[in-house]
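Features reported for this protein in TrEMBL:
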- 159-190: disulfide bond (DISULFID)
- 160-177: disulfide bond (DISULFID)
- 12-36: transmembrane segment (TRANSMEM)
- 56-78: transmembrane segment (TRANSMEM)
- 90-114: transmembrane segment (TRANSMEM)
- 204-230: transmembrane segment (TRANSMEM)
């Protein structure tokens, strides 16, 4: 091997961090696939009402996470191989992809922060539109569809109503909410449950992104140090 001393230690540390990075990519890919097929969000985001699909902004962040996880596994393998082979070319390529991936992660984090309330608000508006039609006493053509949409929300989130329901809703809620939910002393508001649902999942995504960002920073530092060590090694000209 060309490197020795502290540089050799950096080499194995870089390999270790790349292995962790590769594992983290697999975990993120798994979590993203779980979020994509999670029954709570899937049951709500497949709903349609009056020709409109339920807002699916949440899935944008999930698809980004799937792509990041897959690329992380590929880049992590490239970094492990480059470190063991002490190849400046492979390490340089790895560093380039790492910078691109880090920039994409920062951009995704900024987008997620700016749209952190959008996902729940869009679904709340979708719920409210169905809510209005479901309690309509005139019997609009879309009333049955609205009752079906509300039923999906109530069953999936184990909630009933908006929390500030009208007397009209209170009179008909026995036909809109499952009996198990109505038996509770105070049924939960679907508005608050929607906010909690997406807040919990976005916090999970944010935590995963923070851990990966820290690992990537250490990897970029170790990669630069190792490349300099390889270049200055006695056997390299």
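Glycine is no exception: its Cβ is also placed from the backbone N, Cα and C atoms.
Cβ environment of residue 159 (disulfide bond): 153, 181, 187, 188, 189, 190, 192, 193 lie under 8 Å away, each six or more residues apart in the same chain. Every protein chain considered, the tally of other Cβ atoms within 10 Å of the Cβ of residue 190 (disulfide bond) stands at 25. A Cβ distance under 8 Å defines the sequence-distant neighbours of the transmembrane segment (204-230), meaning residues of its chain 6+ beyond its ends; these are 2-3, 6-7, 10-11, 13-14, 17-18, 20-21, 24, 27-28, 31, 35, 61, 65, 68, 72, 79, 83, 86, 88, 91-92, 94-95, 98-99, 101-102, 105-106, 108-109, 112, 236.
The disulfide-bonded residues considered are 160, 177; of these, 177 has the fewest other C-beta atoms within 10 angstroms of its C-beta.
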